Amino acid sequence: MRAVTWAIVAMLLPRVLGAIPTRTPRTGGVGDTLSVAIVCHDLESVEVTWGPGSAHHGLSANLSLEFRYGNQVPQPCPHYFLLDSVRAGCVLPMGKGLLEVVLREGGGAKLFSRKKKASAWLRPRPPWNVTLSWVGDTVAVSCPSHSYPGLEYEVQHRDDFDPEWQSTSAPFCNLTVGGLDPGRCYDFRVRATPQDFYYGPEARPSKWTGVASLQGVGPTGSCTGPTLPRTPGTPTPPLALACGLAVALLTLVLLLALLRMRRVKEALLPGVPDPRGSFPGLFEKHHGNFQAWIADSQAAVPTVPEQDKDDDVIRPQTKGVETQEDDDVIAPGSPCLGGGALMSVGGASFLMGDSGYTTL
């Protein structure tokens with residue numbers, strides 16, 4: 001019977017405990033009823049921000065803030081900033097001693113309070129003047145250190161083949177990242193992180209610097225796209241050598257193309273003989289005037305010297321044949337010539353007939 005009773009109690013106890021309302025313990029100061037963020041920017045100023053007031057927490061539109069360092073008299077916020085015409089935060093100056101921050105509803109009930117060193121909410125400025133340089137297969141990263149201690153500098157890098165960031169950290173902004181391939185393009189970024197043992201868990205790291213791209217075989221910032229993977233130990237060919245090989249290959253291709261075109265042209269269009277070999281002086285003396293060249297060539301032919309005309313006359317020896325009258329003789333150059341053979345002797349031409357001859 002007792003065992004049954006304990007079994008029933010064990011079954012009902014979780015339900016009874018779940019029905020009892022519980023209060024969430026507060027993690028902050030007295031009267032916390034809204035979310036407040038405090039940031040100490042590079043130990044130069046303190047920024048306190050909170051929600052939009054009544055729109056989220058059912059409170060009055062504007063809250064008031066008081067602060068003091070050490071045992072000073074509480075002071076009102078020197079500079080509020082607004083969000084949608086409602087107070088949303090306050091910027092405080094730096095001071096010595098513990099910082100106490102109090103938020104009130106219209107100057108009455110306390111809604112939030114904190115009391116710590118301002119450095120407990122430290123957020124350093126991002127590193128500046130960061131320099132990256134290749135040394136073999138490592139990249140040296142350096143930048144000026146902050147004016148206060150307790151920071152750790154973190155460098156992250158990645159390449160086009162591994163998009164996940166890889167981290168390297170050191171207590172000073174002078175560190176090296178090893179195991180890199182100079183033929184690849186890498187992205188780098190740097191930030192400063194407060195150490196927990198020095199500032200506490202509420203300190204926040206700085207923002208990342210802008211991403212800088214770097215490649216070992218090219219000028220700084222020359223990364224224009226993904227690079228092809230290389231076999232380890234194989235040096236990257238210089239750009240000049242690659243360009244020279246490309247030019248030589250292109251020249252060889254052009255020469256082969258020209259030679260092939262010349263052979264095709266010779267097969268389709270046979271060569272035309274040069275008239276200078278067959279007609280000497282045609283172009284040198286007569287400028288291509290063929291008629292003038294013919295006249296000059298005929299004038300240069302040696303002529304046979306003329307003999308006595310009486311020797312060239314052949315007189316018929318037949319008796320009883322009378323000489324033709326003058327009016328029967330055909331004048332030289334007459335277009336109406338009789339029949340007979342044309343004969344040239346020396347520079348004279350004769351038309352031979354059956355009964356005589358005629359001088360032309």
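The backbone N, Cα and C atoms fix where each Cβ goes, glycine too.
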Practice item. Write down the single range among 52-60, 142-150, 232-240, 268-276 that appears in Swiss-Prot as motif 'Box 1 motif'. Key: 268-276
Practice item. For the disulfide involving Cys185, grab the partner from Cys173, Cys223 as Swiss-Prot records it. Key: Cys223
Check your understanding: Among all the protein chains here, how many other CB atoms are within 10 A of the CB of Asn129 (N-linked glycosylation site)?
Key -> 8
Check your understanding: So among the glycosylation sites Asn62, Asn174, who's got the most Cβ atoms within 10 Å?
Key -> Asn62
Exercise for review: Can you see whether DSSP assigns Asn129 (N-linked glycosylation site) to helix, strand or coil?
Suggested key: coil
Exercise for review: Determine, to the nearest whole angstrom, how far the Cα atom of Asn174 (N-linked glycosylation site) is from the Cα atom of Asn62 (N-linked glycosylation site).
Suggested key: 47
Point to revise | Arithmetic mean of per-residue pLDDT over the motif 'Box 1 motif' (268-276) | key: 65
**Study point:** Pairwise Cα distance for Asn62 (N-linked glycosylation site)/Asn129 (N-linked glycosylation site) [Å, integer]
**Key:** 42
Check your understanding: Where does Asn62 (N-linked glycosylation site) sit in DSSP terms: helix, strand, or coil?
Key -> coil
